[in-house]
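As structure tokens, the structure follows; a few thoughts come after it.
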Amino acid sequence: MSSYANHQALAGLTLGKSTDYRDTYDASLLQGVPRSLNRDPLGLKADNLPFHGTDIWTLYELSWLNAKGLPQVAVGHVELDYTSVNLIESKSFKLYLNSFNQTRFNNWDEVRQTLERDLSTCAQGKISVALYRLDELEGQPIGHFNGTCIDDQDITIDNYEFTTDYLENATCGEKVVEETLVSHLLKSNCLITHQPDWGSLQIQYRGRQIDREKLLRYLVSFRHHNEFHEQCVERIFNDLLRFCQPEKLSVYARYTRRGGLDINPWRSNSDFVPSTTRLVRQ
């Protein structure tokens, strides 16, 4: 269990509780979770973070009524800056989006502006929102993470409790390499409900070469770990930076969707540009 799982800041969340579904607009349904909850134990301070990045959300179940009452549908793309005070709790996000279902808006831009305003207020940070008509995305290919997949190793694993021990002495030699590693075996659990979260991970770095077996064992150790998606990515970034000390590092996870939403956080200390094309499990 995470050290802050019972923190009072989490007590009021609708996550893990029975809730009513509202279909008329209600911004109060949105709930934020302080990023400091997991950053403080990691020694990360808001005014001196070792990374930049965003939380990229895809909204697959977004609908409202136009001014004449005709339903509209869209796919939404949201990017929340890493400097925001709060991350956005996903169940509250789903409930908030449901509140658009029977609400009339004059035009698509009013919907976009409403989302941008409410999400920014909840997160207390910078946010951008784009809405796409379905025909704009039709034929979009399934993407893949560029890099070398480390999953097909012939190793025995019998411990699934989170530990950074595997990263001790996890670099090889003195030669500096630049490579991109990929794993599809990331599985963690929701901080509150302990429901499984499934993700694919891309790690891009420059530095002494990281032992791939040790890295895979470390990633598999998240299997019983309870934390939100964004928190896991920041933990992985921080642990790799601390133990492997690369000159450059980027960590990007794309998680499978739940409740019509997928969350795709990335953190980097270089000029990393993430691909936003959905992966095969998304």
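Our numbering is plain: 1 for the first residue shown, then up by one each step along the chain.
Note: Cβ is positioned from N, Cα and C throughout, glycine not excepted.
Listed features, source Swiss-Prot:
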| type | residues | note |
| --- | --- | --- |
| BINDING | Ile88, Glu89, Ser90, His229, Glu230 | substrate binding site |
| BINDING | Ser90, Lys91, Arg258, Gly259 | NADPH binding site |
| ACT_SITE | Cys190 | active site, thioimide intermediate |
| ACT_SITE | Asp197 | active site, proton donor |
Fewest Cβ neighbours within 10 Å, where candidates are the recorded positions Ser90, Cys190: Cys190
Cα-Cα distance maximum in Å, computed over every pair in Ile88, Glu89, Ser90, His229, Glu230 that the record assigns to substrate: 11
Which recorded positions sit within 10 Å of His229 (substrate binding site) - Cα, from Lys91, Cys190, Asp197, Arg258, Gly259: Cys190, Asp197
Largest separation between Cα atoms (Å) of residues that the record links to NADPH, namely Ser90, Lys91, Arg258, Gly259: 9
Lowest local Cβ density (other Cβ within 10 Å) among recorded positions: Glu89, Asp197, Glu230: Glu89
Long-range Cβ environment of Ile88 (substrate binding site), under 8 Å and at least 6 residues apart: Leu30, Gln31, Gly32, Val33, Asp55, Trp57, Leu80, Leu119, Cys122, Ala123
In the chain carrying Gly259 (NADPH binding site), residues 6 or more apart in sequence that have Cβ under 8 angstroms from it: Glu61, Ser90, Lys91, Lys94
Spatial neighbours of Arg258 (NADPH binding site) that are distant in sequence (at least 6 apart) but have CB under 8 A: Ser90, Gln195, Asp197
Spatial separation of Glu89 (substrate binding site) from Cys190 (active site, thioimide intermediate) - C-alpha basis, Å: 11
Shell list (substrate; ref centroid = CB of Ile88, Glu89, Ser90, His229, Glu230; cutoff 8 A): Val33, Asp55, Leu87, Phe93, Phe228, Ile263
